[in-house]
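Positions annotated as signal peptide by TrEMBL: 1-22. If you look up TrEMBL, you'll see 63-315 marked as domain 'Peptidase S8/S53'. The feature active site, charge relay system is assigned by TrEMBL to ASP72, HIS107, SER267.
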Amino acid sequence: MVNFRNALVAWSCLLSLGVAQAQWAGLTPWSPPWLSPPLSDWQRANQLQQLGGARWLAQGVNGHGVIVAVLDTGLNRQVADFANWQRVLPGINAIDGSQNVQDESGHGTQVASLLAAPINGAGVVGVAPMATLLPIKVVAGDLASSAAVTAGLQAAQRAGARVVNMSLAATGPTATQALKELAATDRTLVVVAAGNQGQPEAAWPARYAGTAWAQGTMLVVGAVDVNRQLASFSNQAGSAAAHYLVAPGVNIQGAGTSGTLTLSGTSQATPAVSGAAALLLSKWPYLRASQVGAILLQTADDLGAPGVDPVYGHGLLNIDRALSPVGSFTYRTARGVTFTVPLSSGRVLSSQPRVASPQAFQGLITQVFDAHGRHFTRDEGQALAARTRLRLDTLLGQDGLLGELSLRPLGAGLLGWSYQAQTRPTQSPRGPWGPADPFSPQAKAPLAQFHAWQWRSPTQAGAPTGWQVAVGDGGTATMALGAGSLSGLDGIQHTAWAPQEWQSWLASPLIGLSPKHRLGAIGVPLAPGWQLRGAWLNPQADDSQARGRLQATELHHEGPGHRLNLNFSVLDEHGFLGGYSREPLGLNQQTRTVGVTLAGAWQLDTHWALGLQWTRADSPAPANHGLLLASTRLLADGHAVGLMRRDTWVPGDRLSLTHQAPLRASQGSLTYQVIDQVDPDTGVPHYAEHTVQLKPEARERLTELRYTRPDGPGRQWAVALAWRVHPDHDATASAELALGLSYNIRF
Ligand SMILES: [Ca+2]
Ligand SMILES: [Ca+2]
């Protein structure tokens with residue numbers, strides 16, 4: 001018998017109201033919200049945009065609070081960018097000690113604008129448009145004396161500059177002692193142009209970056225063109241390769257006395273790196289200068305020969321990557337517990353089903369630290385906030401079933417074999433658990449296969465309370481224990497006409513927590529009509545979902561027109577009643593849940609049947625782990641009731657009304673210790689407690705009206721209407737309505 005149910009021949013439609021919205025997870029191209037229409041200077045934010053820094057502006061990463069000193073030819077305050085801009089400190093003339101920093105050449109003004117020109121609708125936009133600019137004039141005419149540079153560096157240090165931009169180059173050692181003193185503090189990053197001689201080595205003082213005393217507090221910047229090729233004029237990394245990176249430096253538009261001024265040189269590349277450093281320091285003020293340098297180097301895009309090379313050094317500055325976490329995330333608690341998870345593990349969704357609403361974890365936010373010790377905000381609750389939806393295929397048949405093949409070669413029910421192909425492993429039986437989560441990783445799983453063998457004692461043929469043995473491999477869809485049957489091969493219809501459709505929700509819901517497994521089961525006759533059953537469900541090793549190892553013992557009774565089932569299950573899972581293994585939340589540990597399910601079906605008269613199911617589950621509190629500080633025992637319960645009428649309009653038709661309340665926590669809480677803020681100056685975290693109450697405010701209820709009508713041998717119409725209130729126990733979620741119609745042919 002080959003049975004293609006539902007998938008190949010069914011026609012159906014779905015009405016769905018108020019479905020959950022998909023989580024916004026990706027990044028979209030960003031344009032500043034205040035630019036409508038775009039300001040003219042924003043269009044000249046070339047370096048910021050090319051280097052991936054633009055989107056960070058929207059998050060307030062703009063250089064605010066960071067003093068950047070520009071040691072150059074001075075600053076022309078008359079240019080449109082700086083005319084009325086408050087974030088320019090009184091200038092320092094390091095040549096004569098005055099405050100006169102009038103810029104005769106325009107070089108210093110142009111360089112400063114590339115670093116810190118504000119978004120003001122005029123001129124250009126710098127990489128760090130809200131940084132505080134400290135203009136220090138060290139160049140008069142074309143010449144800078146070592147004494148002036150020394151005085152300029154000392155002035156910058158006194159003023160508290162965190163970044164010093166030096167778009168200047170000399171043929172010999174310059175300002176050595178002042179640079180040494182600055183490096184010793186590890187507080188100020190010195191960013192120096194490589195020089196424009198087209199040489200294989202950087203000029204001075206850039207070449208100092210590689211010396212031991214610099215301790216990584218100096219960076220050397222070369223220039224590339226729009227094609228990411230090193231500009232012919234740019235000095236190469238040479239022996240400073242370990243501290244060298246490049247930025248756009250050909251035809252760079254900056255502020256000029258008559259609008260804008262376009263220049264080329266390593267002078268123009270240098271402020272891009274200085275600006276990026278200011279962005280890092282505005283977001284993480286506690287970073288040391290050497291840390292900022294290391295981050296910018298490590299996150300640069302490799303150019304030229306693979307790896308750090310003597311031409312491009314570390315490669316092209318990438319502001320977006322520099323501001324993004326590097327390496328892994330480390331969680332810290334006040335108890336001294338730290339643990340590290342890969343960056344990629346941050347976005348896994350919770351698996352279904354679960355007993356608490358995703359809403360419960362809302363607001364569970366903590367700070368975590370990347371490989372450079374920078375804190376990042378992590379919304380742990382968000383990762384669990386995936387929502388489920390009512391699905392048409394769950395409504396009309398087995399979830400994801402593509403086809404089914406079954407054989408009973410020995411006749412009289414002696415031996416049976418069944419094979420099913422599914423679009424994905426069925427995570428839970430329909431019914432008390434509700435439908436599977438379409439957003440879960442499982443929904444993208446490849447085709448799943450399921451097969452089972454069953455043997456039943458010949459003497460008890462037709463009576464499922466004799467000897468039975470079943471082994472299977474795959475999903476749980478038809479392996480439901482409980483009042484349904486020992487396995488899907490053997491429907492409930494043999495002795496009572498209580499509907500096979502009820503089989504899934506009359507089973508123990510805990511089985512649904514062992515979503516993909518191997519199964520062995522045996523049924524032993526105790527007395528006429530009584531059977532003792534034992535079942536073992538072992539998870540398959542390749543299943544990355546929360547894995548449940550289930551042992552079930554049940555007492556089964558069948559009599560004329562009724563059947564009863566008492567099921568005790570012990571579930572050992574890596575998780576918490578189906579919750580996904582989230583290490584930071586302590587939900588990845590082995591948890592044992594003991595559950596009891598009582599189910600029964602009664603034939604009331606020749607037309608009516610009644611089904612009832614009730615489940616209670618008891619889990620000990622997870623041990624303290626990760627952010628989890630304390631927890632209490634979890635209790636959950638669920639129930640379902642169904643009423644069916646047969647032969648209403650035509651012989652063999654079925655009209656049923658079922659009402660299900662999926663398992664829901666009735667007690668339990670988890671208390672987490674999170675970092676709610678990090679001191680900006682010291683990086684010291686402040687700890688707070690966050691308690692998650694697992695008992696949801698609302699209770700999900702699924703009501704389903706279904707009518708099936710035979711249409712000749714092996715053919716059947718089915719129509720179903722389902723109404724789901726408070727999906728996922730979420731009091732704020734809209735109700736869902738689904739209507740489905742199918743026509744099934746069995747051949
Ligand atoms: Ca501007
Ligand atoms: Ca390279």
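Each Cβ is built from the backbone N, Cα and C atoms, and glycine gets one as well.
Taking the features listed in TrEMBL, we show where each one sits on the structure.
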residue : record                           : DSSP (3 states)
ASP72   : active site, charge relay system : strand
HIS107  : active site, charge relay system : helix
SER267  : active site, charge relay system : helix
Just to verify a number: CA distance, ASP72 (active site, charge relay system) to HIS107 (active site, charge relay system), in angstrom, no decimals.
7
Summarise the model confidence on the domain 'Peptidase S8/S53' (63-315) as a single mean pLDDT, whole number.
96
Nearest-integer angstrom distance between the alpha carbons (Cα) of HIS107 (active site, charge relay system) and SER267 (active site, charge relay system):
9
For the active-site residues ASP72, HIS107, SER267, which one has the sparsest Cβ surroundings, going by other Cβ atoms within 10 Å?
HIS107
